[in-house]
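Student: My structure is below; once you've seen it, I'll send some questions.
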Amino acid sequence: MTTIRQRRVGKGTEAAEDQPSEETNVEPDGKILPGPPGGKLWNILSITVGGIVAISLGLLTSVYVATLHENDLWFSNIKEVEREISFRTECGLYYSYYKQMIQAASIQQGLHGLVYDNKTESVRTINILERMNVYQEVFLSILYRILPIQQYLEPVYFYIYTLFGLQAIYVIALYVTSWLLSGTWLSGLLAACWYITNRVDTTRVEFTIPLRENWALPFFAVQIAAITYLLRTHLQPAQERLTLMAVFMATFLFSLTWQFNQFMMLIQALALFILDCLDLLPTAKVTWLYIIQISGLLLVCVLQFFNSMILGSLLISFNVSVLIARIIQKNLKKGGLPNRLGKLILHVLLVLCLTLLINKFIKKILNLESDEHIFKFLKAKFGFGATRDFDANLYLCEEAFGLLPLNTFSRLSSTLLFYVYGFVLFLLTVAAVIVAFRNLSGSNQVQLKEEMEEYTVTLKPDAAYSLVHTVLFGCLAFSTMRMKYLWTSHMCVFASFGLCSTEVWKLLLKCLHLHTSQRTQVIKYSIPIITLLYISFKFWPGIMDELSELREFYDPDTVELMNWIKSNTPNTAVFAGSMQLLAGVKLCTGRTLTNHPHYEDKNLRERTKQIYQIYAKRSPADVHGILRSFGTDYVILEDSICYERRHSRGCRLRDLLDVANGHIMDGLGENEPDLKPSLYPRFCEEIKKNLPSYTMHFTKVFQNKTFHVYKLAKHK
C-alpha cells in the first residue's frame, strides 16, 4: 500500500474596465463612441497591470503545485519505478500510453501500437484512441520526440510540467472570467487567491497528475471565460466571430481530453436552455453555443474513430431537440404572462420527449450499452429502487461518488469564500427572479420601468449565465463529491465577481435606501481589499509551512512486486488482479492485463466482474476456468481487498460480489431473505492454506506483506 512518510535527512486601486454604458457611450446604431483620451489611457494601463498580475498568479500557482508534488514524494530523488507507482490507479494507465509512445521505434509504430493494442485487454485487440481520451498523451509524446530537449529533460518531467503549466492557464482563465463579469481586475486577483487558499477543494492535480479532469478543466475554464465575453452587449461582428472561434476551440479541447465531457456540457446546455426560456440570454448567441457543443463533440467523435458512446450521448440528443422544438414553436416568446407560461411548459415537455425519443433511437440503431452503468448508478443513488448490479454498487460504495461532505463547507468558510458566495448567490437569485418575471410579463412593464427607473432591477446576460451555471454545478457537486472541482473553482469566480460588482452593491444599497455612486465605488473596492488582506495574513504562514514540509514516497511492497514481475516473468505474461493494481503493472512492467480502470465499456465491466471472483466464494476450479478463459498466466491477490476494512459491511468488494452471486455476506448483520450460503469458502482466503484442490490449479510464486502472486496451471 502506498504511503507518504516524513523525509529522512541524508537521503493599490485601479480603474474599472467598465463595459460601455448603453446611455452615454453607444450610438443608436450600436456603435461605441470613443471616450476621453485620459480615460482611454487609464484603461490601457489598467488592462496592462491586470494582465501582468493574471500571468504572474498563474505562473505562481504552477510553481506552487509543482513544489508541493516534489515535497510530498521527493520525486527528483526516487527511482523510476517509484515515480511510476506514484501515478495511482487510472493515472498510471493513461501515463503508460505516453511512455509507450516515447519508447516506440518511431511515431508511426507508436500510433500503430495504440490503434491495434493487444496488451491492455488480454485475448482482445482494442483501439486505445477510440476507447480512451489519450490524444493529449499522443500529442505530448510526439512533441517530446521532435523537440531538442531529450538531453535536458526526462520524459516524466516533460509530462508533469505540462500538467502543472495547464494550472497556470486554469487560474488565468478564472481570473479573466471574474474580471469580465465585474469590470475590475481586483475581482480576478481575489478569485485567484481564493482558488489557491482553497486548494484542497479546488484541485487535486498535485497527487493525481495524469487524471483526465486535470487536462480538461483548464480548457473548460477558458470556454467559460470566452462565453462570458461573448454574452457582453455591443460586440462588433469581428469580435463576436473571434469569440465564437475561441469557444469552439476550448469546447473541442475540453471534449477531447475527458470522457465525462458530454455530461458536463449537458449541464451547461441545460443552463443555456433555462436562461433562453426566461429571456435572460439572446437567443441567437444561445443557438450558436448549442451548435458549437454539437460540432465540437462530433469532431471528437471522428477523431475517436466514431466512438458510439459520443453519438449516443444525451447532450447531442438534447441540443438537437431544442433546435427542432424552436422550429415547431416559432412564437414561443410572444404574448402575456399566462400565455408565455403555457407555451413554456409545452416547450419544456416537447424538448424532454424529443430528447428521450432521439436518444433511444440512436442507442437502438447503434446497439449502444457503454453508458448503461452510469444510469443504473444514478437510478440507485437517487432512490429509484435498490439494485444488486455489481457495477452500480461499485460506484455507490466509493466515497468519491457519494454526497459532498459537510466539512467541505467549514473549509470554504474559513477563507470567507462560502459566506461571500452565499451572499452574492442570494442577491443575484432575487434579481434573476425579478428580471425573469418582468421578461415573461411582456411589454406592459415598459411603462413601469420608465416611471421607476431608479428602482429597476437589471441582470446582465453574462452574470445571469454565471448564476445558473454555479447553481447547476453546485447541485452536481452536492450529489457527487468527485465533481466538486467543477463547482468550487467557479465559486471563487462568482463570489469575487459579486464582491467587486457595481450592480450587486447598487442593488443592495438601493434596497437599504443608502445608494449613492460614491458610496458604491468605495464599497466596491474597499471590501475586496480588506478580504484580500484577511486572506493574506491568515493563510500566508500556513502556505509557507506547507511548502517547507518535506516528505518522501514510501511503498516498498509494491516496488518489490513490480521488480519481481520484471525480473521473473516473460514479457508476454498475462496478469489478473484488481483494476487499480493492474494499471501500475502495465506502466511499470509492460505486461499484458486482463482488466483495467477505464470502465466505460460493457465487455470490460463484465470481464472485471468475472476476474473479481478471486475475492468471492467460488471453487478453485471455477476461478481457474474463469481466469484461463482470459488467457491469465498469473493472478495477484491483495490482502487489503481480501480482508478489507476501509468500507463498512455491505460496501466491501467481497460483499458486493457475494450479493451479486446470491450469497450471504460475511460478518454480523442483516442479509436479504433470498440470499443463500455459498457451497465454497472465500477463494482469496482458502488458497493460502495450500490445499490439494487449490495447488493443482495454482502455484504460489511470490509473496510479501501485501501481495500474493500465483501462477496458473495450464490444463489441457
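Sequential numbering from 1, following the chain as shown.
Glycine is treated like the rest: Cβ placed from N, Cα and C.
What TrEMBL says about a protein is an automatic prediction, not a curated fact.
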Student: Please find, within the list 132-149, 312-329, the residue stretch that TrEMBL describes as transmembrane segment.
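Tutor: Comparing 132-149, 312-329 with TrEMBL, transmembrane segment matches 312-329.
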Student: Taking residues 6+ outside the transmembrane segment (312-329), which of them lie with a CB under 8 Å of any CB in it?
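Tutor: 262-263, 265-266, 269-270, 273, 287, 290-291, 293-294, 297-298, 343, 346-347, 350-352, 354-356, 358-359, 362-363, 366, 368, 370-371.
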Student: Hey, which bits of the same chain come close to the transmembrane segment (41-66), Cβ under 8 Å, at least six residues off its ends?
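Tutor: Hits for the transmembrane segment (41-66): 14-17, 35, 160-161, 164-165, 167-172, 175-176, 179, 185, 188-189, 192-193, 195-196, 199, 203, 205-206, 543, 547.
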Student: Same chain only, please: residues at least 6 beyond the ends of the transmembrane segment (217-235) with a C-beta under 8 Å from a C-beta of the stretch. Say none if there are none.
Tutor: 19-20, 22, 26, 30, 32, 166-167, 169-170, 173-174, 176-177, 180-181, 243-244, 246-247, 250-251, 253-254, 257, 264, 281-282, 285, 289, 460-462, 465-466, 469, 485-486, 489-490
